[in-house]
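Some features that Swiss-Prot has for this protein:
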MOD_RES   2  phosphoserine
REPEAT    80-120  repeat 'WD 1'
REPEAT    130-170  repeat 'WD 2'
REPEAT    174-213  repeat 'WD 3'
REPEAT    217-260  repeat 'WD 4'
REPEAT    265-305  repeat 'WD 5'
REGION    404-446  region 'Disordered'
COMPBIAS  410-430  compositional bias 'Polar residues'
COILED    444-482  coiled coil
């Protein structure tokens, strides 16, 4: 008889979240109070954008990532809308282009100066007018340049070519009620939507047809969300009939029953899912919650595997997620969230603890880069393409103190294996046998030679220690896999 392992093996089992220090937060930001279940925040490797309170119209703030600390009340904003801004989204193919949707029924696309704003930005690059009610959803196509989707409270989905300000597709008969959210699939050939009528729909935008539909995906009356995963499955969040918050996983080929359905708690805030296709981890943030739960999605039942919960004291008003190419890979950072408080934005770093200071190939497979795979015209003609991937290895920066850390650990460690003691002793000799008087009285050449001797000895220790770490990691890997 075979017994299932009590603890499921996962490289993400020990992922932990940690807020940054106070001086790395963005203070004194008046986050929008508008009633709308949006993230209110968008971030890319260059800029942080936050929807803020504004008198006489709608505005959002765009800050260079390094502009932390207290933000001056007179700091310039993007303020061209005549009504409150409801949603913002950075273009995945240009880190200086952002789109916004507003209660004034318009979509605007903005070009942010390379070094950030020095004066209020009131003139968008283009204004897209086609909705008759407020525009609450904005999302760029993942692979086609200049293709933007907007959805409004008029229950209409519009797809635009931003480069020509042209309306490409109008889908006005597929949603009988308010649209809660829209999510493109991996190559942008389909999108899924969650609607107030409790249905999840999968739609082919170019044909204007309904590919699949699941009624009452979640039976509760509160808002739900649906997102596409990289393998084509659909992940949803919502509420049960008893108002308990739920997660579910669906196969679009068969929407009769969910592949998995989990109940979380009975809080009333909408659950906002953030998905990382490289690691198959979904982070779930509830509006008004003070926690972030994260789950790994696999092909093995029960398919949705709880990993851990990051908990803080303050409730979140909104949340932004950094694209993978903006993370610090040298610190084994696999996600970074920008949590909105009432008057500040706090980055939260998700890290996989690793002892090795080398680039972690298993954590960082090639990821979607900033280059568009298609032009808008190609996509309209029926072409599809997956995102163009880039390696994050070039972004890896070894720790500047790596040699110092390793040498200290080896010189001071009493549990060092015998095979390393000779090298350690020779290093200690190289370091301690040089009389201080000689250093003081010797010429520059003598000083240089002594320093070089010490450096060579330390390098040898580093090399040997690195080999030992590699062997131990291999042994640990075999033990975890049950090979030994």
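From the backbone N, Cα and C atoms, a Cβ is placed for every residue, glycine too.
Per-residue pLDDT, averaged across the repeat 'WD 3' (174-213), gives 98.
Using a Cβ-Cβ cut-off under 8 Å and counting only residues 6 or more beyond its ends in the same chain, the repeat 'WD 2' (130-170) has close neighbours at 36, 38, 83, 86-93, 99-107, 109, 176-179, 181-184, 186-188, 191, 193, 203, 205-206, 208, 368, 372-376, 378-380, 384-388. In terms of DSSP secondary structure, the repeat 'WD 3' (174-213) contains 0 helix, 21 strand, 19 coil. Each residue in the repeat 'WD 4' (217-260) gets a DSSP state, and the totals come to 0 helix, 19 strand, 25 coil.
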